[in-house]
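J.: Per Swiss-Prot, Ca(2+) binding site is recorded for ASP161, ASN163, ASP165, ARG167, GLU172, and the stated evidence type is sequence analysis. Summarising the annotation, Swiss-Prot assigns domain 'EF-hand 1' to 31-66. As annotated by Swiss-Prot, domain 'EF-hand 2' applies to 67-102, with the evidence given as sequence analysis. Positions annotated as domain 'EF-hand 3' by Swiss-Prot, on the basis of sequence analysis: 104-139. The feature domain 'EF-hand 4' is assigned by Swiss-Prot to 148-183, with sequence analysis given as support. Taken from Swiss-Prot, the feature N-myristoyl glycine applies to GLY2. Per Swiss-Prot, site 'Involved in dimerization' is recorded for SER140, and the stated evidence type is similarity to another entry.
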Amino acid sequence: MGCASSKQFKRPPGYEEPAVLAAQTTFTVNEVEALRELYNKMSYSIIKDGLIHKEEFQLALFRNSRKANLFADRVFDLFDLKRNGVIEFGEFVRSLSVFHPKAPKSEKTAFAFKLYDLRGTGYIEKEELREMVLALLDESDLHLSECAVEAIVDNTFSQADSNGDGRIDPEEWEEFVKANPASLRNMSLPYLQDITMAFPSFVMHSEAHD
């Protein structure tokens with residue numbers, strides 16, 4: 001009897017109590033439980049081991065498991081807090097919390113900075129910004145000329161690099177975001193505010209009504 005019970009209630013890899021995650025994030029307990037269902041769908045979509053691998057992450061959030069994209073890679077890497085190549089449930093909830101409309105702007109600002117700081121130096125350099133702009137355009141299927149991309153990069157640096165050292169530090173980035181709030185528009189996902197009702201219509205469309 002005891003063996004059957006332990007199998008029935010075996011917890012998946014990286015399981016954390018919803019109440020604990022709710023206390024540490026912007027989500028409510030009910031929202032965390034809804035995210036658990038979403039996580040289960042994602043983590044069993046390809047490899048089926050209860051962990052989210054990069055292919056599954058890209059398929060769910062970026063609609064493509066094979067197309068290489070720097071933006072998708074960066075988001076995955078930042079969600080993978082343990083740096084072990086997979087996203088566990090706790091990592092998924094904590095990282096996704098940053099995108100909640102009610103998450104503090106300071107958290108969104110810090111996450112966006114890390115997104116652009118490709119080499120983890122603590123600064124955003126011109127080449128890093130250029131690479132991310134190109135990746136974001138590619139993800140959106142938008143195509144700009146090389147001159148237009150350079151203009152975006154140069155304009156950003158002319159506004160953000162206040163001390164003129166050729167790179168953007170966290171303080172400069174914070175001031176830039178305050179002056180240009182639209183720069184964080186991709187850091188809020190409105191459906192997370194209604195996750196218990198909206199799930200899972202925003203991802204995994206082909207599997208949402210199994």
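In case you wondered, yes, glycine gets a Cβ from its N, Cα and C as well.
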J.: Tell me, what is the mean pLDDT of the domain 'EF-hand 3' (104-139)?
T.: 94
J.: So which other residues, same chain and not among ASP161, ASN163, ASP165, ARG167, GLU172, have a Cβ within 8 Å of the centroid of the Cβ atoms at the Ca(2+) site?
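T.: Result: TYR123, ALA160, SER162, GLY164, GLY166, ILE168, ASP169.
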J.: For ASP165, GLU172, listed as binding-site residues, tell me which one has the smallest number of other Cβ atoms within 10 Å.
T.: ASP165
J.: Including all protein chains displayed, how many Cβ atoms other than that of ARG167 (Ca(2+) binding site) lie within 10 Å of its Cβ?
T.: 19
J.: In the domain 'EF-hand 3' (104-139), how many residues does DSSP put in helix, strand and coil?
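T.: Going through the domain 'EF-hand 3' (104-139) residue by residue, I get 26 helix, 2 strand, 8 coil.
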J.: For ASN163 (Ca(2+) binding site) and SER140 (site 'Involved in dimerization'), determine the Cα separation and express it in whole Å.
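T.: Cα-Cα, rounded: 32 Å.
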J.: Within 10 Å of the Cβ of ASP161 (Ca(2+) binding site), how many other Cβ atoms can you find? Include all protein chains, please.
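T.: The Cβ of ASP161 (Ca(2+) binding site) has 19 Cβ neighbours within 10 Å.
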J.: Measuring Cα to Cα, how many angstrom lie between ARG167 (Ca(2+) binding site) and SER140 (site 'Involved in dimerization')?
T.: 26
J.: For the domain 'EF-hand 1' (31-66), give the DSSP counts of helix residues, strand residues and coil residues.
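T.: Summed over the domain 'EF-hand 1' (31-66), the classes give 22 helix, 1 strand, 13 coil.
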J.: If you skip the near sequence neighbours and keep only those at least six away, which residues in the chain come within under 8 angstroms of SER140 (site 'Involved in dimerization'), Cβ to Cβ?
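T.: Looking at Cβ-Cβ distances below 8 Å from SER140 (site 'Involved in dimerization'), excluding near sequence neighbours, one finds none.
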